[in-house]
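Feature annotations, reproduced from Swiss-Prot:
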- 48-68: transmembrane segment (TRANSMEM)
- 93-113: transmembrane segment (TRANSMEM)
- 129-149: transmembrane segment (TRANSMEM)
- 157-177: transmembrane segment (TRANSMEM)
- 187-207: transmembrane segment (TRANSMEM)
- 215-235: transmembrane segment (TRANSMEM)
- 253-273: transmembrane segment (TRANSMEM)
- 299-319: transmembrane segment (TRANSMEM)
- 326-346: transmembrane segment (TRANSMEM)
- 364-384: transmembrane segment (TRANSMEM)
- 392-412: transmembrane segment (TRANSMEM)
Amino acid sequence: MTIRRPGGACLFGLLLAVSPTPFPRRTTLTPIRTLLTPFGEFFKGQASSGLVLILAAVLAFAWANSPWRESYFTLRELPLTLSLGSWTLSHGLYWWVNDLLMALFFLLVGLEIKRELRVGELRHPRQASLALFAALGGMLLPAGLYTLVNAGGPGAAGWGVPMATDIAFALGVLALLGDRVSPGLKVLLAALAILDDLGAVLVIALFYTSGLNLLALGLMGAVWALGLGLNAAGVRHLGPYAVLGAALWLTTLASGLHPTVAGVLLALTIPLGRRAEQEDAEPSPLHRLEHGLHPWSAFLILPLFALFNAGVSVAGGSLDRVTLGVVLGLIIGKPLGVVAFAWLAVQLRAASLPEDVTWPGMLGLGLLAGIGFTMALFIGGLAFPEGALLNAAKLGILTASVLAALAAITVLTRAFPRQPR
């Protein structure tokens, strides 16, 4: 069965330009509200997304292990062809979700990274240093543990799988604890996860890319430079950036880089506008786009990604070194790396814990960071072809994410006991 649709990569530009909920054109915010409002919306959106993500993952896993498992795998490979004149691009639905829709998710990730670096918690080096140290530890130790288990084996290429944090899943778990968890820990988790995402993007671009086409790479660079030029020229309408987004995705695809990298590159071209500290500031193009993309990401893209990627059959399965490496990396390497490197930052006086965060709270944060899910599944799909190794990685990711979530809830419940009314 082949489904034909016109328009090439127009979906990338269309979703970029369309917002399902209107963003207010002008608001009057005090400086502190300007800083807190984006995080409050971010936390609520990510927490809701995490709960939907969990449901989609459970559905995929149950479907892949049910008597109707064949229909699940048939749906993943259902071909979809996009055409424009003599040009065609044909792949299974699984590919379109992972390579096109996830480019929009990476666009949102890029927007969040840019916002945090410019006007958020990461804009001051000392404030960012605790999250940076924790993120580094939370990436290096899981990769090291995985490599220790899989060195020299067929699964050695999966060292990047346990490095990243699923911020939506983690904040969804955190939301289950209600208001007992301190605001400082929530902000620190968001900052750490955003830095983790940045690390994952770099890992994908540098280590999971092969066979570069230099001509297409040059065209991609030219398109990106044009986008930066539009930003510098003060173009604030999102339409031209949507067109460039489609061109950037196509040239990135042709270059040999994973096409999701186009989302991050496009995010860097979107104008942020006035400083957030200014009162009576009109929402910038970046804020409008971030606000518009959040519902698409939370309730369409990420659930579809979970549905198409979390379905792993355990029939006849056995414990594999890849599974063990992922589990150890996420539930031991992550919290150990986060706490150890945060402690190092404090000892070096490069950072200090927020007043409302304790070391038991940091351990709970490290366990939340061990919920790898989305990024881990994504990198696993790049590291391994379809088959036993990828299934082993998925099983490890699902197992570790559940164990890390349960452990985090237990630790944080004790670290932040409910206050008597």
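Placed from the backbone N, Cα and C atoms, the Cβ positions cover glycine too.
For the transmembrane segment (326-346), the most Cβ-contacting stretch among 48-68, 157-177, 215-235 is 157-177 (pairs under 8 Å). Ranking 93-113, 129-149, 187-207, 299-319 by CB pairs under 8 A with the transmembrane segment (253-273) puts 93-113 at the top. Below 8 angstroms of C-beta separation, residues 9, 11-12, 15-16, 42, 75-80, 194, 197-198, 201, 245, 249, 253, 258-268, 270, 286, 289-290, 293-294, 296-297, 300-302, 304-305, 308-309, 374, 378, 381 of the same chain, each at least six residues beyond the ends of the transmembrane segment (93-113), sit close to that stretch. Between the transmembrane segment (187-207) and the stretches 48-68, 215-235, 299-319, 364-384, 392-412, the greatest number of Cβ pairs separated by less than 8 Å involves 364-384. Below 8 angstroms of C-beta separation, residues 166, 168-173, 175, 297-299, 302-304, 306-315, 373-374, 398 of the same chain, each at least six residues beyond the ends of the transmembrane segment (48-68), sit close to that stretch. No contact links the transmembrane segment (299-319) to the transmembrane segment (215-235), because fewer than 3 Cβ pairs that are 6 or more residues apart lie under 8 A.
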